[in-house]
Amino acid sequence: MPVRRYGGRYNNSSSGVSNALSSSSTAGLRPSPSSRENSTPLSTHHDPAFLSTNHAKNEGGLCQKHHVRFREPSVEVEVEIMDDEPSRGLQKPPSRARHAADANNNSASAQCNTTRTSDYTFYTNEDQKKVYEALRSLRPLPELQEPRRVKEYSEVSIKESLYRIVEAHDVIMVAGAFFGDEGKGKTVDAVAHHPLCTCIARVNSGENAGHTVYDKAGRKFVFNLAPSGLLLPGKRNYIGPECVMDPVSFMEKEIIQLISAGIDYHDRLFIGNVCIVTPYHKLLDLLGSAANSSTLKGMAPVHGSKVMKRGIRLDHIFNDDETLRKRLEKDMETYLGLLKVKNLSDADVVRLCREENSDGVLRVPDYVIAFAQAKEKVKFLMNLYHDRVRNNPDFPARCDVIYELRAAVLRGEKVLLEGPQSYWLSNARTKFWESTTSADTTAAGLLAASQLNFQQFKSVVLNVHKAPGSSRVGIGACPSSFVPQDFFSAQNIKTLHDLPPATCANFEAIQRTLFRDGFPYSNDKAKHNGIMAPVEYSDETGDYNIGVAMAIASAQHHGECGAVTKKPRVCGFFDCVLQHEVNSIQGPYLTISALDRGDEYDKVGVTIAYVYYNPEGKQVNVNGHVYKNGDIIRAGDPVPSESALYHCHPIVKLIDGWRDNPIAAAKRRRNTPLPRGLCELLSTIEYFTNCKVLSIGNGPNGDDIIYLRQ
C-alpha cells in the first residue's frame, strides 16, 4: 500500500481523547508495520492496482464485515472494514506496542484476508523512515538555487492591470489551476464589476461545484450552479445547456436564498436547455460506489445518460407529457437494473438513504427518498417536475443561452465564463482521469461549452491557484500534499468536528517544526536536497508525523474545508510541476489567492520537481516512458499519469517568509513595497512555470487583492 509522510498516535491517557476516539469502526484500517511488508512507504496515495492485490490484517482478529463509504467532496471511496461492532466515528490510533503485538495475530487475520483497507498511521512508521533513508542522499538539484535574481514587484491599480486585460478581450474565462477550491470567486467578482462585462455564465458541470458570495449588505449566499454575478444589479447571468441541473434542488437550495433575501432575479438569471439530474441519478451515485461517484449529486450517472442520449433536458419538462414519460421510463432502466443485480428492494434503498443522513447532514434530500419509496416512479417524477418546475412561478426564465452570449459579444459587451472545479479535475485530462469530475473543466472545455467562435472572438484565461496551503479533495495522486488524499476518510474523519478540539491546534509550533526539523539542511545549499524528513510533532493529544500534523493544522487554521460539508481538504506545497502544464495549455496569467497566509510562516515551500521511488523497485510505463527509481520529473517535463505519481515525492525549494513585513490587508497600507520573501516566492513560481502573476489575494474581502505591474 503506498504510504508517505503521515502518522501519529493519540496518547491513551489524554483527557477526553480516548472517549472521542473510542469507536472500533476503523479497527482494520491501521495494521502493524510488520504486516505491511508489501506496502510502498512515502508514496502519496492509494494505488488502485495495489488495493486489488493486497490484503490488510485485522488488529483484533475479528471477522465480522461491514461497509463504510467515505466520500470526499469530489469523489467517493468505499472501504470494507472488518470489525466486531459496526459503528460510526473515530478509532483511537493504536500505540506502537499494540502494533508490535498485532504482528503475532496472523492466524486470525488470515481468515479475513479479503478486506480492502488503508494502512495509514498517525505516527511515523518504520517503512517511512526506510524510504527517507533511501532518498536523503539524493544529490541536490541545481534548480534549488534558482532563480538567481529576485524580481521586484510593485502594486498597481485594478484599472492598470486586470481591466486592461478585460478591455482587450471579448471573452474572459476564470479557471481553476489546481484541483478546485482555489478562491476563484474573488477574481470572478473583480471581472464582473467591470462596466463592459454584462454577462456572467456557468456553461458546464453541475451541483457538485460550489462557491460562497456576499452582497453589499454582507449577506452570505452559497451557490452551486448559480453564477456569482447574480447579486450584481444590471448583470445578466446564464446557466448554459451543457450544465447538468437538478431543478428541484436548485430551487430548494439556491433560488430560495434569493427569495428569502428579497432579491428579484427574474430579469438577471436565465437558464438554457440543461440536462436534468433526476432522483434516480443521485441514487445510482449512492448505490454504485464507483471511484468517481462523488457527492451524491448524480454527476457521473447523469453525464452517462447525456452521452448515451437518454435522459431528459429542461425543455422536455415544458412540453409533451407522453415524450417525457417515455424518456424517463427508458433512462430509468439503468437504475432498476442495478437494483435487480444488487438484489435490493425499494425498502433497502430507503434504508441506505436514511443511513447516509443519520449523522444530521442531509446528503440525500427528502424528495429523493420519496422517489425511492414510490410505487409508480415515473408518475412521481412527472408530478414532481410539474409542481416544482413547469407550474412554479418562481422558476427562472428560460432562453437560448448560446444565442444570447454570442449576441452580447457582437454588441461589444464582455462575457465572463465562470469555471467550475479546475484544470486537473477535468475529465478531459488523462493524467488524473480516474479521479476527476465528469465534465471538461479546463479553459478549453469552458470555451467549447459556450460555443463562442474562438476564431472570431478574442478570449483570455485568468488562472487561479492558492498558496500557501494549496489543496485537493477526493482520492487520487497529488505528490505535493502533506498526506494521502484519502487520509482523512480512511480515519473516518468526515468533518473537522470529528477531531478532538486540541488535536494539532498549535499551527505556529507545527509549521516551525516542519521547516526547522523536516528540512534539517535548509540553510546548507550543499546538503539541502528538498526531501522532507519524517520527523514527529507532539502535543497533549499524542505524537504525529509532521505531514499529518501539517495536514490537520492547515485544514483547521486556514479553514480548508467544504463550505457546507465541512469535510477537510488536504493541503500541501505549491506545485510548479503541475502548474507548468496548466500554464503551457491555458496560460500565462495567474492569480494566487490567500497569500496573506504566508504572514504566519517561517518559510514557504514550493515543489520544483518530483523524484520517483518505489521501495519494491517496480517500474511504471507511461506513454512509452519507463519511470524507475531515482528518476527526476522537473517542471516542464511531461507529467506522468497517476500510476507513476503515486510513487512520486516532492523536491521542495524553501523560501524565507515575511513575518516582519505582513501583506494582509488589515496590516498593510496600499502601495507600500512588497517584502523580499514574497517577491522571491513570486519570482520562483514565474521562473519554474513561465506564468505571469497578475495579482495576489491578501484578505477575506472582495477587494483584498494586490495587482502587480506586468
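Along the chain as shown, the residues are counted starting at 1.
Just so you know, glycine gets a Cβ as well, placed from its N, Cα and C.
Quick look at what Swiss-Prot annotates:
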type	residues	note
ACT_SITE	D181	active site, proton acceptor
ACT_SITE	H211	active site, proton donor
BINDING	G180, D181, E182, G183, K184, G185, K186, G210, H211, T212, R569, G697, N698, G699	GTP binding site
BINDING	D181, G210	Mg(2+) binding site
BINDING	D181, E182, G183, K184, N208, A209, G210, H211, T295, K309, Q421, T437, K567	IMP binding site
BINDING	A563, V564, T565, K566, K567, P568, R569	substrate binding site
COMPBIAS	11-25	compositional bias 'Low complexity'
COMPBIAS	32-43	compositional bias 'Polar residues'
REGION	1-57	region 'Disordered'
REGION	82-112	region 'Disordered'
Would you mind pulling the DSSP three-state label for K184 (GTP binding site)?
helix
List the Cα distance (Å, whole number) between P568 (substrate binding site) and N208 (IMP binding site).
16
CB neighbours of N208 (IMP binding site) within 10 A?
27
Could you say which of the binding-site residues K566, K567 has its Cβ with the most other Cβ atoms inside 10 Å?
K567
Compute all pairwise C-alpha distances among D181, E182, G183, K184, N208, A209, G210, H211, T295, K309, Q421, T437, K567, the residues listed as binding IMP, and give the largest one in whole angstrom.
34
Most Cβ neighbours within 10 Å: which of the recorded positions K186, H211, R569 is it?
R569
Secondary structure of Q421 (IMP binding site) (DSSP, helix/strand/coil):
coil
Whose Cβ, among the recorded positions D181, E182, has more other Cβ atoms within 10 Å than any of the rest?
E182
Using DSSP and collapsing to three states, where does H211 (active site, proton donor) fall: helix, strand or coil?
strand
For P568 (substrate binding site), the three-state class that DSSP assigns:
strand
Please tell me which one of the binding-site residues listed here (G183, G210, K566, K567) sits closest to N698 (GTP binding site), measuring Cα to Cα?
G183
Around H211 (active site, proton donor), which of the listed recorded positions (D181, G183, K566, K567) come within 10 Å, judging by Cα atoms?
D181, G183
For G180 (GTP binding site), what is the tally of other C-beta atoms lying within 10 angstroms of its C-beta?
27
When the Cα-Cα distance from G210 (Mg(2+) binding site) is computed for each of the binding-site residues G183, K186, R569, which gives the smallest value?
G183
Quick one: of the recorded positions D181, K184, K186, R569, which has its CA closest to the CA of N208 (IMP binding site)?
D181
Roughly how many angstrom lie between the C-alpha atoms of K567 (IMP binding site) and G180 (GTP binding site)?
14
Considering only the binding-site residues T295, Q421, K566, which fall within 10 Å of G180 (GTP binding site) when distances are taken between Cα atoms?
Q421
